[in-house]
Every structure is written in structure tokens, then in C-alpha cells.
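Annotated signal peptide per TrEMBL: 1-23, in sequence order. As annotated by TrEMBL, domain 'Ig-like' applies to 39-119, 131-215. What TrEMBL records for 234-259 is transmembrane segment.
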Amino acid sequence: MALTPLACVLLLLSMQCYISTLAVMLRTTNGKPWVNEFESIELSCMIESITTSNPRIEWKKIKNGEPSYVYFEKEIAGDLEKRAKIREPATLVILNATRSDTADYRCEVTAPSDQKSFDEILISLVVRVKPVVPRCSVPKSVPVGKPAELHCVEDEGYPKSQYQWFRNKEEIPEDPKTSPKFLNSTYTLNGEMGTLKFSAVRKDDAGAYYCRARNEAGFSECGPQLMEVYDINIAGIILGVVVVVTVLLCITVGIFCAYKRGYFTSQKQTGNNYKPPAKGDGVDYVRTEDEGDFRHKSSFVI
């Protein structure tokens, strides 16, 4: 006897319900949860259907492709030991999340008495970390018309920080044309890298600058640093160069004149260095009592 279409549908539904009652099935309320560092988070693993009275429940942490046990043989294991617990029947609660807990977590339930004896769900957890105080670099003084670069760096925040720059407590827009106060400024602001670059500073660019690092977990700021913008004194620079050249020229001429006059000879003749003239062949000189009076001895031969 052929079954009517309605009977076929009812048969299929009844078979599906029968199979479902003999299969373990899991569900989660949030497959991609997030939590701020040092707060608590639940990784929900809910058993929708099961007939086995004492199923085996396991949790594994998967980081960089490597799995490790988090809950095994009814004990918390690994780096979550003393920081997590199981909420019946299979939900994992992390009590004090840290940045190292960012990973994929897999809930596995094995039910030997069920026709479909195994099921699993994967949950991706993100632990957000508030930025620390960024390292800011601001030049102390820049001449008018010259370029200048300001830098802001922060490496601890997760997700990666975005950066904002402020001058005199007023936020600097990414596009200077959007604000009358910065309309004539020639800068480029990179919110991802934290750089503020002036192609040619103006007197109005002087002020106290500070940077803010921000992400979903919060923000941190560095202290304000003063950047001075000064005019270049061209006349003063030229005068200074002329003075230096003149001084160097005078020193050179003085040294040359002194050398010509013999002030730089290495040795001077003194009485101690006197040497008597060499004796001629066969001539012997004798000094008399009168200074400078010499006479020949009798041995002198012509």
C-alpha cells in the first residue's frame, strides 16, 4: 500500500526525532566571545540531547595549531589550573582571564550509550588588553618652514591600538581641512602607526602635544610635551659667519708673521753651546791673562 505524502513527512519527522533522542548534540550561546583582561568569561557548552547518564566531557585549548588539555578527567588542567571551573553540565568558566588565554577552545562530549556518541563545538575567545602608557617623541624646537615628526608607540594593547594626537588638549583631526584651527597646517596623521608629520611647520603649530592609544579595552595617554617653533635669523647667521672667518684670517696672518720673524725656530744659541774654532795644522793657541789675547807658541812652524 503506497504512503501518502503526508504520511511520508510524518514518518521522516518521527525517524529524525528517534535518531535525535539517541544522539549527543551540543550548542553554544556565543561562538566568538570576548572579555577584558582580568575579568571572568563563560565559554558555554550546552548539551541539547543525550541518553548516556555519565558522558565524558573534555575541553581543549588550541593555540598556534597546537591542542592542549584544559579540562580532563573532571579536573582543570594546564595554564587554567586554579583560574577556571566547570559549570554543569559542560560550560567552562574562566575566572581571571589573561592575554595568554586568547585562543580557540573545543568542547568535546562522548556518550557511549547514544547512537551518535560524540559531538564537539569550537569557541574562539579574544581577551582584550587595555593599552599601556605610550612612548611619545616630540621635538623640543623646530625652525619655521622646516619639517618635523612626532611619534607614538604602544606594544601591549590587544587588539592593536589606534592613535590620536592632541595639541593644547584639542584633538588634531586626520584631515586638517576639516577644522578651521588646523586649516593652514601642512601635516599628515597616521592613526595606525601613531605618526604626525609636518612638511613645513608654522608659528601656529607650536604648543603642548600628547598622544592617546586606544582600543576596545580602553585607552592610555602620554604626558604633554612642548614643541617650540622659532624664526631663523638670517642676518645673525651671516654676521656670525663673517666674524668667524675674520677671526680665523687674523690668526692665520699672525702665525705667518711670527714664523717669518723666527719666533718658531726650534733651537736658540746660548753661551753654553759655544764651540771654539777648529785648530789649524801645526798651530797651537795659548790664552794669556788678558781676555781675547792669543799668541803663537814657539812650536809654530811656517
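Cβ from N, Cα, C; glycine included.
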The domain 'Ig-like' (131-215) - residue tally per DSSP class, helix then strand then coil: 9 helix, 38 strand, 38 coil
Predicted model, mean pLDDT over the domain 'Ig-like' (39-119): 94
